[in-house]
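Peer 1: If you look up TrEMBL, you'll see 22-95, 131-204, 257-328 marked as domain 'Ig-like'. The feature transmembrane segment is assigned by TrEMBL to 370-391.
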């Protein structure tokens, strides 16, 4: 076999990638258009080849990986299907090209793959206003060794030695709040704009001492471990302060044990609907139902017609605990900006259907209450009439007795 003389190409590119157990992950690698050979490795293990003997591919990656080579061969990305915690580590992409001089040039890319247990993901929502600051919450373990906040693939902020990977649009505009016990990993973003809307991920990495790996690159030796990761997802919605309409407020009364319908009129370009009581999510459309508070699950229903203009909420079998202020958030996306219209409904819950405090003086005058004094008056009239008749009869009797006495004397 002819010996190959290698020369290093451009500097080694380093990237980070996070994947979830059981899902697929794509590892990026840009290569030259005169590519002759491509090799993906993890440590000393061959993950995939291009144009060479496929029998050298490790059994754990056979039929589970795929190369994405376009016609120009500049994209040498690797797809790994159904990843597990064993797949975590450093992957190296070697792109070999033959030069006219007979010398082989090699370009190398490294991807640090972190594998996350998806069952540990918590989800939250946050709404901020353009021009203001917003705090995204993240509760983490007091034993975490590294903290990374990301939006999509961009690093927003990190608590680690390497700060160079933070995206330029977030530099000098974000701040981490880490208390002494490290259990608070919240992120502050200053002066937010519509571009900041999206899903933010908080990764709290904890070392797993059982699985060790080492990464070597040029003169830098980095040691680490596969990580157990606590992940929090926060959906940040940005609202223009000038675009917020006036809040509509109404009152509704319900009775214990019955159902109540809370009205809300929404726009026909509705993208998302959220019903809340204080900070509690009562119901929402069409996102993850797991965010609904347990006390309202299977007890509420949204009434969305075809035009989506009716966003009313039905609450079944209400109790005194349900009393309070409910807010209907109508969220619409217009030109990459989230606009919000809110309606407040004050729900009053009564123990009985006929609550004396809920009626006015006019409503409290019933036929029964009017009839009672009339009956009493009639009874008094009857009694008075009877007394009058009795008095007259006695008077007549006394007169007749007086007229008979002189007649007896004459006899």
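Using the three backbone atoms N, Cα and C, a Cβ is placed for every residue, glycine included.
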Peer 1: Along the domain 'Ig-like' (22-95), what average pLDDT does this model show?
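Peer 2: In the predicted model, the domain 'Ig-like' (22-95) has a mean pLDDT of 81.
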Peer 1: Could you break down the residues of the domain 'Ig-like' (22-95) into DSSP helix, strand and coil, giving a count for each?
Peer 2: 6 helix, 34 strand, 34 coil
Peer 1: For the domain 'Ig-like' (257-328), give the DSSP counts of helix residues, strand residues and coil residues.
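Peer 2: Counts, helix then strand then coil: 6 helix, 30 strand, 36 coil.
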